[in-house]
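*Asks:* OK, Swiss-Prot features for this one:
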{"type": "SIGNAL", "residues": "1-17", "note": "signal peptide"}
{"type": "DISULFID", "residues": "CYS103-CYS132", "note": "disulfide bond"}
{"type": "DISULFID", "residues": "CYS115-CYS159", "note": "disulfide bond"}
{"type": "ACT_SITE", "residues": "CYS118", "note": "active site"}
{"type": "DISULFID", "residues": "CYS151-CYS217", "note": "disulfide bond"}
{"type": "DISULFID", "residues": "CYS152-CYS155", "note": "disulfide bond"}
{"type": "DISULFID", "residues": "CYS188-CYS221", "note": "disulfide bond"}
{"type": "DISULFID", "residues": "CYS196-CYS207", "note": "disulfide bond"}
{"type": "ACT_SITE", "residues": "HIS288", "note": "active site"}
{"type": "ACT_SITE", "residues": "ASN308", "note": "active site"}
Amino acid sequence: MLKIAVYIVSLFTFLEAHVTTRNNQRIEPLSDEMISFINEHPDAGWKADKSDRFHSLDDARILMGARKEDAEMKRNRRPTVDHHDLNVEIPSQFDSRKKWPHCKSISQIRDQSRCGSCWAFGAVEAMTDRICIQSGGGQSAELSALDLISCCKDCGDGCQGGFPGVAWDYWVKRGIVTGGSKENHTGCQPYPFPKCEHHTKGKYPACGTKIYKTPQCKQTCQKGYKTPYEQDKHYGDESYNVQNNEKVIQRDIMMYGPVEAAFDVYEDFLNYKSGIYRHVTGSIVGGHAIRIIGWGVEKRTPYWLIANSWNEDWGEKGLFRMVRGRDECSIESDVVAGLIKT
């Protein structure tokens, strides 16, 4: 009976935190009122601020491009690992950037711009990290988000969204060429869309209101790049789902490098500035894919350390932290990764 009572109290607390409004009235998303509500909330654990990345809720929905696979899709497409054979001690703090300092890509923050390609960015970022990590620094390749969004038809609809797991399957089956940002213009197929600014003042142009269309698939490299398209491809050896278990996810990161994860984005997240995010208020907006690079504990609150794809001016220098170990916003339910072909 005691266990049931504790469960009911815990459930009530959870639901209360997820439907909280001011004076029982819905708070307008992206508004100053929502920002104030979050910053004044005693249990939020994070700070909100004004952002120009999203001009409206409809605008934000378009850019939330991570689609969820159902259980059958996951089961039929790739195995799920539980790492029961990995007997490694899990530290309270772990940062892939410090573990593998020779792999500079781990510290890199990309920008998907005005395109719902987060599913592709989370994938190529983690793949890029893993190429360096799993080769012991012997290989280095910045994989192209453009090649993935334009040529992987099974993945989804490019700038209109896609499946993170299928991106990893594509890496194994078809391979992905290299490609940096529009600004550095490196590799076979650099990203065609510019980095854009989240705030009124900054070093990048304003994000604007234009939503980019998915580029056509071109199996050629940019002019002046010497390696042919097919020869520039890098392949994975295996793609897999990571079991919905905090310790399994941690072990996978410790052994093989950052992973890609997708989570449910609520209205309050659109104003995230700093701290350890947990859902405080607002309805669901859509799905977003990111790269988990580590974890830690602050003031007894465990968190995931996460790299976003909205450039380094957003959040904590391009990163954010989210409560760990309770599947906050389903972030531990949709984790995918893979091994490189050696």
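Cβ coordinates come from backbone N, Cα and C, glycine included.
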*Asks:* Would you find the one among the recorded positions CYS118, CYS152, CYS217 whose Cβ has the most company, meaning other Cβ atoms within 10 Å?
*Replies:* CYS118
*Asks:* Out of CYS118, HIS288, ASN308, the active-site residues in the record, which is closest to CYS217 (disulfide bond) when you go by Cα distance?
*Replies:* CYS118
*Asks:* Using Cα-Cα distances with a 10 Å cut-off, which of the disulfide-bonded residues CYS115, CYS132, CYS155, CYS188, CYS196, CYS221 are near ASN308 (active site)?
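*Replies:* Taking CYS115, CYS132, CYS155, CYS188, CYS196, CYS221 one by one, none has a Cα falling within 10 Å of ASN308 (active site).
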*Asks:* Going by C-alpha positions, which of the disulfide-bonded residues (CYS151, CYS152, CYS155, CYS159, CYS207) is nearest CYS118 (active site)?
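*Replies:* Sorting the disulfide-bonded residues by distance from CYS118 (active site), the top entry is CYS159.
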*Asks:* Tell me which of the disulfide-bonded residues CYS115, CYS155, CYS196, CYS207, CYS221 sits in the most Cβ-dense spot, judged by other Cβ atoms within 10 Å.
*Replies:* CYS115
*Asks:* What residues, ordered by sequence, lie under 8 A Cβ-to-Cβ from CYS188 (disulfide bond) and sit at least six positions away in the same chain?
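*Replies:* SER144, ASP147, VAL177, THR178, GLY179, CYS221, GLN222, TYR225, THR227, TYR229, ASP232 - these are the non-local Cβ neighbours of CYS188 (disulfide bond), listed in sequence order.
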*Asks:* Can you tell me how far the Cα of CYS155 (disulfide bond) sits from the Cα of CYS132 (disulfide bond), in Å?
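*Replies:* One finds 25 Å between the Cα atoms of these residues.
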*Asks:* Going by C-alpha positions, which of the recorded positions (CYS115, CYS132, CYS152, CYS159, HIS288) is nearest CYS207 (disulfide bond)?
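*Replies:* Of the recorded positions CYS115, CYS132, CYS152, CYS159, HIS288, CYS115 has its Cα closest to that of CYS207 (disulfide bond).
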*Asks:* Using DSSP and collapsing to three states, where does CYS151 (disulfide bond) fall: helix, strand or coil?
*Replies:* helix
*Asks:* If you measure CYS196 (disulfide bond) to CYS159 (disulfide bond) at Cα, how many Å is it?
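*Replies:* Counting only the Cα atoms, the answer is 16 Å.
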*Asks:* DSSP on CYS118 (active site), three-state: which is it?
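*Replies:* It is helical.
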*Asks:* 10 Å Cβ neighbour count around CYS103 (disulfide bond)?
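*Replies:* So the number of other Cβ atoms within 10 Å of CYS103 (disulfide bond) is 24.
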